[in-house]
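As annotated by TrEMBL, transmembrane segment applies to A:23-44, A:65-91, A:130-152, A:172-194, A:226-248, A:254-275, A:282-299, A:305-325.
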Amino acid sequence: MTDTTHEARHIPDRIDTPLRAAIFSWPVLLLVVAIALFVLNSFASPYFLSPWSLSDATFNFTEKAIIALAMALLIISGEIDLSVASIIALASTMMGLALQLGVGTPGLVAIGIVTGLFCGVFNGFLVTRLGLPSIVVTIGTMSFFRGISFIVLGDQAFKGYPASFDFFGQGYVWWVVSFEFVLFLVCAVIYYVLLHRTNFGRHVFVIGNNPMAARFSGVRVERVKFFLFCLTGLMSGIAAVLLTSRLASTRPSIALGWELEVVTMVVLGGVSILGGSGSIQGVVLAAFIMGLVTFGLGLLNVPGIVMSIFIGTLLIFVIALPIVFRMLRERRS
Amino acid sequence: MKTLVRSREFWLAVIIAVMIVATNFRSPGFASPGNLASIFNDTAILLILALGQMTVILTRSIDLSMASNLALTGMIVALINAAYPAIPVPALMVLAAFCGVVLGAFNGALVWLLGIPAIVVTLGTLTIYRGLIFLIAGGQWVNADAMSSSFVQLTRTDLLGLPLLSWYAIVVAAGFFLLMTRTSVGRSIYAIGVNPTASIYAGIDVGRTKFVAFCLSGMLSGFCGYLWVSRYVIGSVEVAKGYELTIVAACVIGGISIAGGVGTVVGAVLGALFLGVINSALPVINISPFWQMAISGAAIILAVVLNARGEKRGGRVILRQAESAS
């Protein structure tokens, strides 16, 4: 898992995509799965195709997907952050505390986002400055951040957020299009540009493939990684604002277990857990797939826990399938 | 003597002792043999699980599915016990370990045969195994009144002043100590963690050794499935939810390097005991149990920082020590 000695990979400047490779690429495969799920769902339940229920479906995954965008970059660079759900808990708790002090809506949003950013800085400092393995550090901060929420709240909850605060998690920008969903799409475009169209994004891939070579090529490995941890913290802070607004309350158990769902989303999106490859398109499609699966099965009265079997199987299946195919092909030749 | 003082296990033991003594000042009787025994008994399950996690982490993998495996096997044996109380409980214990091995072998096979990273495989099986509990039990709980008295008693009966649960932990720890230091399986597990490439040249099958490590962690998870259900007298979907990371935490505190190859049975045992002592000390010194999570989080971060420093200074020494232990 922490094996850093990958085989050398070929990284061309410009990737020529023959039609065949384009058709069998991971995002296309995911797109097919997503369309299939959409069609299956509309046959399975008459309620699925109504615009309002589709809009409701987006609420199930947008907050996680917003974090998954930043997590994708972090995993591509060869690190991981398991503390994202706890950052949500801490940021939400800080917003609740500010609320008790009479802070208004703009202040609450700022506090949520800044707390998230601060948590990201803390993770980034421990990993890049002290040179610690991110998986252990973030398991530690995962307990630590949520632990602070438990100290502050115990078995209580913060309630009574102002009505103007409701907009972020419950408001609609236009007709059935929610604010959360629009924010997710905007973030997805920003992250697409950042990862696939800038030098910074190229550095992220290089670091994930070979940190040593990256350093010798003049890439500031530690600084890039630090920035990615900050980004992940920031996105978790934004997700905290959305979720707190949607639930209109803060409990220390808020978003419990989300870290694994976010990682599942990223890996399902074709990002290699070993780092070095992946795409934002894939992650966005994976978010839609997970949303469609949970919502479609929900309409059919399948309990949440059974859906998780489906998601877990999907995760292993989509990763195992290409490996099995490759093995069969190698055996034949 | 010098190597003993320099080992992190020694310092961890000192810290645990200091914590016990300090708590004893605040609340006399905390360090009494009876109370220490009860702390040990409370920690027994975590201790066994930490040993399983340790074997997997040593091979540069991780098993996040242990808690789900535990809950699933616990539910299986609880349901069998409720349906057929006549089946002797020791047979159920063997069955629990066997179910655990099967679930662990599934993880191990995916890692070994397909080469999927362990963290991805066990992330998947973490949700799958827990979901299966719901399917086999139909969302029902198995309560105390459904369990036979011997099912509940086989963790509680006293033997030489300690409950049987504590004895299971002692036996497993002793067994693992022998396994890791006195057998070729244990040597191979360390070897592939320290240097997989060199291990291949030494004739060790890296994939198969990982598979064995997953079977071992699965076996212990399954066995703990019975212990957990018997001790807390409840079988449900929620059993040990989120516990997988506590197990990893115990290992990290015990000085087991997440990068593989470094760590000892004594370290894993002490890591579990450290968390156990904190959990029992907090209520005694009038700190709300809600502090527990933040403190164990801080302990993990601190342990990682200290471990990293230790590795930088004395990496070679640790390796030689591990070699001379065989």
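Along the chain as shown, the residues are counted starting at 1.
Glycine is treated like the rest: Cβ placed from N, Cα and C.
Keep in mind that TrEMBL annotations are predicted by a computer and have not been checked by a curator.
Where the transmembrane segment (A:23-44) meets the stretches A:65-91, A:172-194, A:282-299, the count of C-beta pairs under 8 angstroms peaks at A:282-299. Counting residues 6+ beyond its ends, the transmembrane segment (A:130-152) has Cβ neighbours under 8 Å at 1-2, 79-83, 85-87, 89-90, 92-93, 97, 119, 122-123, 229, 252, 254, 259 in the same chain. Comparison of A:65-91, A:172-194, A:282-299 by number of C-beta pairs under 8 angstroms to the transmembrane segment (A:226-248) places A:65-91 first.
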